[in-house]
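Enquirer: The structure under discussion is supplied below as structure tokens; questions concerning it will follow.
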Amino acid sequence: MALLTKKDAKLISDPLADNNPITIQVLGICSALAITAELKASIVMSVAVIFVLGVGNVVISLMRNIIPSKIRIIVQLIVVATLVIVVDQVLKAFAYELSKTLSVFIGLIITNCIIMGRFEAFALGNGPWRSFLDGIGNALGYGVILIIVGFFRELLGSGTLLGYKVLGDPIAKTGLYATGYENNGFMIIPPAALIVVGIIIWVQRSRNKALIEDH
Amino acid sequence: MSDKKLTLKKRLHIIKHHFRGKKMAPAFNAFHTFLFTPDETTHSGSHVRAADDLKRTMNTVIMALVPVLLFSMFNAGYQHYSAVNGFPENFSVIEHFLTWDNFWIGIIKVLPLVAVSYIVGLTVEFIFAVIKGHEVEEGYLVTGMLVPLIVPIDTPLWMLAVAVVFGVVIGKEVFGGTGMNILNPALTIRAFLFFAYPTWMSGDKVWVYEAVERAGGPDAISGETILGYLAQNKAAEMSYSVSDMFWGFIPGSVGETPTFLILLGGLFLIFSKIASWRIMLSAVIGSLVMGLIFNGVVDAGWIGETSKFYGLMSFDFWKHLIVGGLAFGIVYMATDPVTGAQTNRGKWFYGFFIGFISVLIRVFNPAYPEGVFLAILLMNVFAPTIDHYVVRGNVNRRMKRLKNATILPEDSEGKEKELQVETA
């Protein structure tokens, strides 16, 4: 593919697998636990983070030579805060119900360690195009985990996917519920996300032994 | 030697050599060592071989559980028929309790729970042993017996199976298997069931066989537990006497009711030196202290009859021990040697807080009328910390004693320095 050089493609593919921000670097856990009870919220959150991190990385990268290093954290915070407010307003305008569900967590994207981490570690030292790819890659890596967790938690916890009753109606006892199946209430509460993330980490490390840390 | 003279033991040893190094070896060895001690000898050094290995230890606990299991099978039927026909007048144990009808309900309801618990749990253990290539561990033998005894009788079998898989994998195997787990696996299973399927684990319809089906109909009964009555401030509607509570003729999780048999099991475990009397005693003290505090609050008039905590707070402090799962938890779960505190002094703290917090949760959290399993899980998490401070405290005390030791032999000037260097 001529669109991306091999080195650039790595910027996107690495965070998706062997350098995943959630499962390998263990960043951004807070929002992964809080908003993944529903798949829809996970998807919206992922899109929001992809936007904030992609655009933010470019902005920081463009300004990297004029930011005085003593106040760079403040500058970074202002950039993130601006982008997050844009996301928040767009959600309030076009998806009001959802913005209420996500409520404080959109605002808390500002404190998501992944974003500040990428600004510090990458955007301050690389050009805009590579920073953009890095931002998109890391946000995608974050989003993939969020969507996997959201998928299992919504399917097992509520028996729905994106609000559709894929397993049948639990009250009218149709579909799978006719056999006596019941929703797993444990999946709705945040500790379940921790366990699902843990299982993903387990699966990932047993497939790639190089990821296992020495003690 | 001809084939005919081969004993079962020798035959098994021969088969064992066929399996050696193969993938299924752990699975075979598990069955083999269940019957006989292995024929391997130690290759180097001297090793003390004790007769009470892990399997024997586990079996002792199971022996202590068998009376409880049998009682619970009769009780399942007794509660069912009492709910349908009303409580018998002039209750006699032989006529009304130890009957074939009662036992039959136990066979069709309790035995499947035991079977599912063991089959699913051991399958998971075998799969992990084969994948990881180590011997099958005995840890599940006791867990498998505890699990059916701490769930409501009507728990659907598939739910139990899901919970057992979760409990064994997440509660035990991810930490490295038997002996490495932080949380008691049986209680992990109970906690999973409680949070995953709360409608099947609490309320007044789950403790008696088929109570759910009867709900709303003419046969509808209140199969509420004693703690349930108290949590709703309905102590007056309760028809159970203290002796019912002590002997266990009350509704509740399958095996938690017979306080007397649990007491016997506890004594058996103490005298066979399997379980720690320190944990049991301090847990009893802990729950009595908390109960006394609550009774004192009521006596002082700080809590009126209108308070939602009145029912449980005014419950006589010693009765906390004979209702609900407190006795069962203290005797069979808190004393788990893997997840409990290891130091003697630590065991006192560990046990005390189990009793203390259990009663605290009972009274203050109406959503969890029974808090024993949460209290034990919480203290499981704290056990290593308790041990750490006990050991540190011991080291510090000895250091101090050493520093204060002034009487030294006359030619010990060099010795003193040596000692300081050694202990530094």
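Residue positions begin at 1 at the first shown residue.
Glycine residues also receive a Cβ, built from the backbone N, Cα and C atoms like all the rest.
Feature list, courtesy of TrEMBL:
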- B:Thr225: FMN phosphoryl threonine (MOD_RES)
- B:61-83: transmembrane segment (TRANSMEM)
- B:103-128: transmembrane segment (TRANSMEM)
- B:140-170: transmembrane segment (TRANSMEM)
- B:246-270: transmembrane segment (TRANSMEM)
- B:277-297: transmembrane segment (TRANSMEM)
- B:317-335: transmembrane segment (TRANSMEM)
- B:347-365: transmembrane segment (TRANSMEM)
- B:371-391: transmembrane segment (TRANSMEM)
Enquirer: Any residues 6+ beyond the ends of the transmembrane segment (B:246-270) with a Cβ under 8 Å from its own?
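Expert: Apart from its flanks, the transmembrane segment (B:246-270) reaches 60-61, 63-65, 67-69, 71-72, 75-76, 78-79, 91, 97, 110, 113, 148-153, 207-208, 223-226, 240, 277, 280, 321-325, 327-328, 330-332, 335.
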Enquirer: Give the number of CB atoms, excluding that of B:Thr225 (FMN phosphoryl threonine) itself, located within 10 Å of its CB.
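Expert: Within a 10 Å radius of the Cβ of B:Thr225 (FMN phosphoryl threonine) lie 28 other Cβ atoms.
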Enquirer: Give the one range among B:140-170, B:277-297, B:317-335 whose Cβ atoms make the most pairs under 8 Å with those of the transmembrane segment (B:347-365).
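Expert: Highest pair count goes to B:277-297.
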